[in-house]
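So that you can see what the record holds, here are the features copied from TrEMBL:
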type	residues	note
BINDING	31-38, 148-151, Ile177, 185-188	ATP binding site
ACT_SITE	His38	active site, proton donor
BINDING	Gln62	beta-alanine binding site
BINDING	Gln62, Gln154	(R)-pantoate binding site
Amino acid sequence: MIEVINTSKEMSRVSDNIKKSGKNISFVPTMGALHRGHLSLISKAKKSGDAVIVSIFVNPTQFGPKEDFAKYPRNLKKDLALLKPFAPLIVFAPSAKNIYPNDFGTFVDVEDLSCKLCGEFRPGHFKGVATVVLKLFNIVKPDFAFFGKKDYQQQLLIKKMAKDLNLNIKIVTCPTIREKDGLALSSRNAYLSPVERKSASLIYKALKTAKKMAKSKNAEKIISFIKRFLAASPLIKVEYASIVKKANGAAQILIAVKIGSTRLIDNILI
Ligand SMILES: Nc1ncnc2c1ncn2[C@@H]1O[C@H](COP(=O)(O)OP(=O)(O)O)[C@@H](O)[C@H]1O
Ligand SMILES: [Mg+2]
């Protein structure tokens, strides 16, 4: 069975009962318009044998005033049909008013991380993400929470918030699921016209070629290659292409582009 819950109060009560029964909770937060990327996170959550809760909530506070909040795809019926094979499952689909009542006024700011990269182009975005994820964590009370690597900076931010605020939740990052031509699945891919969709395949091609270059070339050369490679398509505008060093000595190339009004992100380990 798929149980749909619409209020925080009811969700919290159901979560308390699951915990009392001695089960763990695995949680997959989403904004709906589900695709194979989301489903891969849910599969992973299901493997744990825990009770699995999927939230579907298009979070208004993570959209800028000129962004696509109003037109973001919403189709709960279709989403529930896609979730059917994962039953038993709990879907938490609250209204914006339920999550943000009129007198709401507390926000979470993961300093530093939230201003860089995507944060520079989407001011306030990560404040909205951190706030809603902490709220969802407090309502759902998960032991494990699953996030996709496609949103690389987001999963870093959530891990940092969990550590800084002593959340007793294990954050699990799952691999990026891609279309045949390499394009990372995203709900926003639905905005692309056929020609835009074709050019979008260049993003992952650029990243894969860049990964090969990384054996012999320095960061500056790699970034300028990516920018030149993508400039071949007049439809693509690069917001940033950046190499981020990781604690273990490896590095990640992160990229954000606009194709028409559609913003797409991707990344690869080098
Ligand atoms: N292609 C993908 N592969 C793996 N996980 C993904 C993919 N796309 C989105 N996710 C993950 O699903 C969760 C919900 O993201 P959401 O914003 O609803 O989807 P999208 O980014 O596609 O619009 C996030 O943790 C996100 O990283
Ligand atoms: Mg997203």
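Note that Cβ sites are derived from N, Cα and C of the backbone, with glycine treated the same way.
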Lys149 (ATP binding site) versus the residue listed as 'beta-alanine binding site' - Cα distance in angstrom: 18
Protein Cβ atoms within 10 Å of Gln62 (beta-alanine binding site), excluding its own: 21
Separation of alpha carbons, Gln154 ((R)-pantoate binding site) and Gly37 (ATP binding site) (Å): 15
Structural state of Gln154 ((R)-pantoate binding site), classified by DSSP into three states: helix
Cβ packing number for Leu34 (ATP binding site), 10 Å threshold: 23
Nonlocal residues around Ile177 (ATP binding site), in sequence order (Cβ under 8 Å, 6 or more apart): His35, Arg36, Gly37, Ser40, Gly148, Lys150, Ala184, Leu185
Contacting binding-site residues, sequence order - Leu34, Gln62, Ile177, Ser187 vs ligand 1, Cβ under 6 Å: Ile177, Ser187
Candidate with sparsest Cβ neighbourhood (10 Å radius) among His38, Lys149, the listed recorded positions: Lys149
Inter-residue Cα distance where the pair is the residue listed as 'active site, proton donor' and Ser187 (ATP binding site), in Å: 10
